[in-house]
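Colleague: Questions regarding the structure given below will be posed in turn.
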Amino acid sequence: MYFKRYLQLAKPGIIFGNLITLTGGFLLATHREIGFEYLPLFVYVMIGVALMIAAGCVFNNIYDKDIDSSMTRTQNRPLVTGDISVIQATIYGTILLILSCLVLYYLVNLLTLWIIIIGFIVYVGIYTVSKRLTIHATVLGGISGAIPPVAGYTAVVNILDYNALALFLILFFWQIPHSYAIAMLYIDDYKKVKLPMLPIVKGIAYTKKIMLFYLALFVVSCALPAVLGSADLFSFIVCMLVALFWMYKSIQSYRTDTDRVFAKTVFKFSIIVITAICLTMG
């Protein structure tokens, strides 16, 4: 029972999603090779990053305890129900953070550790706080969400270059329509706790246009690894096809469907698209 609640506090769904994008960066650096040579490093960076993301989610839960208690989809979180106390959660998050730093420092490399720490600081220290204050919090949160593929890449090459920037941009531009789709789907919850989400402050119609704008930027960014010469033809074709398909389905839904169906369409295909891109990167 307690193990399940502690696992829930770490938000395993978010961890899993970020590890998929990390895999994309790792595969780009190794040209889709995870054989005996790279397997130990792949396992180490996956563990280290998973621990850091888990720590970030725990501290996010602590800070958001008050608003989580008022939203339907978060009312059963462990801190809200009292299954785990704030002190216990703080200790838990700190242990996860320390373990992550040790794994990444000793088993991966210092650059990757610093990159992941930056992601942690942006997520916990900037995004978590700013989402109560500004409509731009989602964009700020996109910075931390774009870190894992960069970490997967630097775990192998131990440098920051244009390929790392390309990975960052792909994930950053992907996250905005993905996140705004979630905001549209749970707009009533966000209204309850008075969070200044873009659909609430600027309206649904404006938000949908912004989503399509960032989706277009995402499509363009998907060509960058191939343009830079780091991704092969197969990867380029897959990336462009799925990105364009997402764009097509979103525009089609924008023209014909209700706001809620549009949000569901964007969200559903965002998961399929980023998974396909990351697992064929290289």
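Cβ coordinates come from backbone N, Cα and C, glycine included.
Below are the features listed in Swiss-Prot for this protein:
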TRANSMEM  9-29  transmembrane segment
TRANSMEM  39-59  transmembrane segment
TRANSMEM  79-99  transmembrane segment
TRANSMEM  102-122  transmembrane segment
TRANSMEM  139-159  transmembrane segment
TRANSMEM  165-185  transmembrane segment
TRANSMEM  210-230  transmembrane segment
TRANSMEM  231-251  transmembrane segment
TRANSMEM  261-281  transmembrane segment
Colleague: Assess whether the transmembrane segment (79-99) lies in contact with the transmembrane segment (9-29), where contact requires at least three Cβ pairs under 8 Å among residues 6 or more apart in sequence.
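Modeller: Contact confirmed: at least 3 Cβ pairs fall under 8 Å.
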Colleague: Does the transmembrane segment (139-159) reach the transmembrane segment (9-29), going by 3 or more CB pairs under 8 Å (6 or more apart in sequence)?
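Modeller: With 3 or more qualifying Cβ pairs, these stretches touch.
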Colleague: If I count Cβ-Cβ pairs under 8 A between the transmembrane segment (231-251) and each of 9-29, 39-59, 261-281, which range comes out on top?
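Modeller: By Cβ pairs under 8 Å, 261-281 leads among 9-29, 39-59, 261-281.
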Colleague: The transmembrane segment (261-281): which same-chain residues, six or more beyond its ends, come within Cβ distance under 8 Å?
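Modeller: Those are 17, 20-21, 23-25, 27-28, 32, 149, 170-171, 174, 177-178, 180-182, 184-185, 208, 211, 215, 222, 225, 231, 234-235, 238-239, 242-243, 245-246, 249-250, 253-254, in sequence order.
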